[in-house]
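Quick look at what TrEMBL annotates:
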ACT_SITE  506  active site, nucleophile
BINDING   373, 404, 431, 479  S-adenosyl-L-methionine binding site
């Protein structure tokens with residue numbers, strides 16, 4: 001995975017400490033006489049019984065110390081779903097995991113990071129204003145669905161506001177500009193709010209995570225084994241999960257079957273121990289697709305193991321293959337000590353080696369390690385927005401450059417119409433992962449598309465020869481991973497001067513930074529911007545999680 005360039009980190013955290021500038025009205029839940037109420041450090045949770053301390057002046061700057069205990073109110077959500085609280089008068093920002101807008105709580109300062117501090121919530125005093133009952137019993141422990149107990153309408157408001165703040169404070173686009181409200185589009189909701197994920201990855205482990213109230217229980221051997229999701233903040237503790245409301249019902253049926261059988265001493269397979277690097281079972285990856293003829297779900301089960309011992313998996317394979325929706329059981333062998341689910345070797349234990357899915361009228365074959373949009377239903381919406389922004393004339397005259405193309409899904413949908421007539425003259429796609437490029441070629445052939453070229457290349461390491469491998473594009477599609485685009489690529493795009501860029505982002509913070517560079521330039525590096533931001537469209541791809549997708553349209557000035 002690409003890393004954030006050091007210059008980008010400095011630009012975000014030093015020259016633009018946007019946390020200090022957030023335009024929210026948050027205040028501490030203090031009386032007007034006690035604006036800086038603090039509590040002495042105490043390991044007990046009876047925080048409301050602590051003696052109140054006040055400062056002599058309301059205007060005194062406040063910089064919290066580690067372990068200081070405060071009464072706070074959350075106003076909004078920041079990146080990764082952390083609650084934003086701001087100290088009255090000083091404007092100092094504190095971020096708290098699992099705090100939601102309107103919630104008043106007692107928190108302990110756990111870490112100070114210069115322009116802001118992180119807080120651990122100790123006790124809720126009054127719940128947030130849009131409280132709903134979380135339907136999942138794991139919601140308060142898992143960390144995957146941080147906002148499940150926040151109404152969906154409130155989730156959408158929080159995500160839209162987060163993008164807006166980032167565009168203003170990181171992207172440096174003024175909301176005073178009369179065109180701003182036309183540029184900043186309202187967030188697109190997701191109609192399907194549960195069972196929308198077509199891929200889930202679960203981990204096997206030797207240490208079961210338990211909530212505080214059960215820590216007194218002593219678990220040994222098999223009783224301490226777990227299959228589920230990593231507990232937040234732990235690489236070695238697994239929250240045992242029997243059902244996940246984000247994945248399909250057939251996938252939950254498979255998970256339950258594995259849970260019922262994998263610990264059987266007669267079967268023999270042991271979970272991988274991340275400390276001793278011993279054991280066999282590492283991960284269980286479940287993928288859901290569709291049979292193109294019957295439109296019924298078809299599922300792939302992928303066991304990731306530390307070695308190839310098919311006889312150890314045979315009893316599980318026999319039980320899982322009896323589930324009608326299961327059409328593929330794979331075994332990825334990963335001998336490394338890392339936590340990745342991608343194997344060095346891959347074996348088919350049952351059925352076929354791929355499953356299929358349809359997107360924008362095209363059929364895609366998905367292998368065990370393929371990248372594919374995790375929410376197929378909302379990907380239809382996202383790709384339609386990308387097509388609309390691209391605005392291809394439809395006369396097969398335009399060149400499209402598809403950066404970070406993955407398995408080619410965006411480029412292929414732009415290459416052909418539903419009728420399979422050429423939409424673009426040619427699409428050139430670049431992707432660093434070799435398997436993804438192979439999948440892109442296979443998907444093009446599967447759909448009878450010949451006006452595409454997919455190449456392997458690291459877009460963080462391009463040189464002056466990069467643009468010589470394709471004609472000048474009319475449209476650039478860029479869909480980088482979370483760190484955004486490297487400055488080398490941004491410089492290339494500013495020199496290339498394609499008439500239109502469609503920037504697709506899964507991280508609104510780096511998205512705002514990159515469109516700032518493309519539109520306003522980088523003064524300290526004497527780089528001039530040459531694009532105008534025409535629109536930015538937030539899309540909720542993953543309800544109940546902090547993740548936000550954005551589609552931005554930039555046109556050459």
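Glycine is no exception: its Cβ is also placed from the backbone N, Cα and C atoms.
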Inset, instruction - Sort out for me which one of 373, 506 has the most neighbouring CB atoms within 10 A, since those are the recorded positions we care about. - result: 373
Legend entry - Listed in sequence order, residues not in 373, 404, 431, 479 with Cβ within 8 Å of the centre of the S-adenosyl-L-methionine site Cβ atoms: 371, 402, 405, 406, 407, 409, 410, 480, 504
Legend entry - Length of the line joining the Cα atoms of residue 373 (S-adenosyl-L-methionine binding site) and residue 506 (active site, nucleophile), in Å: 11
Inset, instruction - Quick one: give me the count of other CB atoms within 10 A of the CB of residue 479 (S-adenosyl-L-methionine binding site). - result: 21
Inset, instruction - Could you tally the C-beta atoms, other than its own, that fall within 10 angstroms of the C-beta of residue 431 (S-adenosyl-L-methionine binding site)? - result: 26
Inset, instruction - Using only the residues recorded as binding S-adenosyl-L-methionine (373, 404, 431, 479), report the maximum Cα-Cα distance in Å, whole number please. - result: 15
Inset, instruction - Give me the Cα-Cα distance between the residue listed as 'active site, nucleophile' and residue 479 (S-adenosyl-L-methionine binding site), rounded to a whole Å. - result: 8
Legend entry - CB within-chain contacts under 8 A for residue 404 (S-adenosyl-L-methionine binding site), separation at least 6: 430, 431, 459, 478, 479, 480, 481
